[in-house]
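One structure is given here, and the rest of the page talks about it.
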Amino acid sequence: MPDKQFDYDVLYIGSGHGTFDGAIPLAAKGYKVAVVEADLIGGTCPNRGCNAKIILDMPVALRRQFEDLNGVVTGGVAIDWSQNVAHKDEVIGVLPGFIGGLLDSVHIDVIHGKGVLEDPHTVSIDGTLKTAGKIVIATGLRPNRLDIPGIDLAHDSSDFMNLTKMPKKITIIGAGYIAMEFATIASATGADVTVLLRGDKALRAFHQEFVETIISDLEKHGVAFKRETSVTELKAAGDQIEVLTSDGQSSTTDWVLDATGRIPNVENIGLEKVGVHYTAKGVTVNDHLQTSVPSIYASGDVIDKTQPKLTPTAIFESKYLSAQFAGESSDPIKYPVIPSVVFTTPRLAKAGVSPETAAAAPSDYTVSANHIPDDWYRQASKETLGDNLLVFDKAHHLVGATEVSNQAENVINSLLPAIEFKFGPAELNRLVYLFPSITSAAYGQL
Ligand SMILES: Cc1cc2nc3c(=O)[nH]c(=O)nc-3n(C[C@H](O)[C@H](O)[C@H](O)COP(=O)(O)OP(=O)(O)OC[C@H]3O[C@@H](n4cnc5c(N)ncnc54)[C@H](O)[C@@H]3O)c2cc1C
Ligand SMILES: NC(=O)c1ccc[n+]([C@@H]2O[C@H](COP(=O)([O-])OP(=O)(O)OC[C@H]3O[C@@H](n4cnc5c(N)ncnc54)[C@H](O)[C@@H]3O)[C@@H](O)[C@H]2O)c1
């Protein structure tokens, strides 16, 4: 029950999904909760991550559908970038107020400013001290900055999403989620895009054959990929930027996106002073998301973890902590199957046991392969490329799926209950789906 010796029962540092999905139900149960936020309420995902990005991607995905249905649908489709950004701003602009309103509705104190740990129960916010029985570090990640001369000439993902005019020529450093998604958006909007890969692989956590499908499709759409090419320096060259690379070459571009990863916000928040352990990957926690200081927990992207640093993971963790703090459970955290998707066109999505794990243990798993254009439902939208791999255990339960296609995120989402709850024939036979639909197409393959 609420503890009267502190200002709050729980104080969260950061207001992203690692906080608010759990803080709101906790406060609704009568616990006294505070949220400290140095920037926009709601954190990265709504303001400069998932929500913002997917709005900019909507016309890009639509353009792809038009392209596929070319001949059936006639007339060109061009993306007006400034309208696209204006639309994004209109939709996400209200989100901090909306999320702030949800916090307010359950009497959570929102304190604006930078939170710094002073002791195991005290946080200072720009000089004001607040105490809490429990403190949650949910400070998230920030963009990595390459350590090369001239890096100040490069930009990050937030700058890209706020561009008022799409540059003619864009160079992207890195080949992870942000690089591939933003290369897709920029190219579809008319930019001449070059992606520089330090090694020879993009999207390392995904099935490489499917990653190559995306790369060759982007290449067909004009994106250049240069592998084994590290950037050594950026130089101002009039209105342009000169990009010097490890192969001794140099090229000019209008705009550079440094998409070399995101790093945890663990510095200058008092972790050393209070004794909270952390690594370069984030705050170290036990199986109750508790740090090395028992009254201090961590949630969301700032945790050093093996699970993907994504919004669904942050939501699950903040809800887990909420139930712990309310005394509803004392179980260690047990992560469900966490799906992930790269919003390129086509999309690349996956969940559960990977084809690589299955291939390494052929006595435990079987894998079935499906070519997307063979399915009549995908023929309806003239999808011309795409594949999936479905992984089954010995009892023929679906335990993993990975797909590259225009509708991969919806296929993987549809299959998720079967993977998480290990549906067998009895459960599968009880499920009927709206027909025709992507879900019925997805289950038709099992
Ligand atoms: C461009 C981009 C696209 C993305 N797209 C997707 C997607 O499509 N799907 C998906 O699942 N995930 C996506 N992500 C990842 C997703 O945004 C994160 O996983 C999610 O936001 C993590 O939530 P969080 O609460 O842990 O951290 P954040 O949302 O980063 O919140 C942390 C908050 O803490 C605040 N803060 C930091 N230090 C302090 C301090 N000392 N005092 C006070 N406040 C502080 C920050 O200002 C921030 O608001 C994307 C990320 C980016 C950058
Ligand atoms: N669809 C989604 O769910 C989505 C979309 C965008 C971002 N995100 C989240 O944001 C995080 C950050 O995305 P990201 O794309 O910045 O990171 P990432 O970790 O996915 O990719 C980083 C890329 O930079 C490369 N790199 C790293 N150091 C480098 C160096 N010194 N020189 C050259 N290349 C280097 C890596 O090899 C990799 O290709 C993701 O891990 C994910 O959690 C998710």
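Placement of Cβ uses the backbone N, Cα and C atoms for every residue, glycine included.
Residues or ranges marked as FAD binding site by TrEMBL: Gly115, Asp301. Around Gly115 (FAD binding site), the C-beta neighbours below 8 angstroms that are at least 6 residues distant in the chain are Leu11, Ile13, Gly14, Val36, Ala38, Val123, Ser124, Ile125, Ile269.
For Gly174, Ala175, Gly176, Tyr177, Ile178, Ala179, Met180, Glu181, Gly261, the entry in TrEMBL reads NAD(+) binding site. Cβ neighbours within 10 Å of Met180 (NAD(+) binding site), excluding its own Cβ and spanning all shown chains: 25.
Positions annotated as disulfide bond by TrEMBL: Cys45-Cys50. Following the DSSP three-state reduction, the secondary structure of Cys45 (disulfide bond) is helix. A 10 Å cutoff on Cβ-Cβ distances gives Cys45 (disulfide bond) a total of 22 other Cβ atoms nearby, all chains included.
Positions annotated as domain 'FAD/NAD(P)-binding' by TrEMBL: 8-316.
Annotation comment: TrEMBL describes 338-440 as domain 'Pyridine nucleotide-disulphide oxidoreductase dimerisation'. Mean predicted confidence for the domain 'Pyridine nucleotide-disulphide oxidoreductase dimerisation' (338-440): the pLDDT average there is 97.
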Argmin Cα dist to Met180 (NAD(+) binding site) over the recorded positions Cys45, Cys50, Asp301 returns Cys50
Same chain, not part of Gly174, Ala175, Gly176, Tyr177, Ile178, Ala179, Met180, Glu181, Gly261: whose C-beta falls within 8 angstroms of the C-beta centre of the NAD(+) site? Give them in sequence order.
Ile172, Phe182, Ala202, Leu203, Ala259
Cα-Cα distance linking Cys45 (disulfide bond) and Gly176 (NAD(+) binding site), given in Å to the nearest integer:
17
What same-chain residues, at least 6 away in sequence, bring their CB to under 8 Å of the CB of Gly261 (NAD(+) binding site)?
Pro143, Asn144, Gly174, Gly176
Tell me the coarse DSSP state (helix, strand, coil) of Gly115 (FAD binding site).
strand
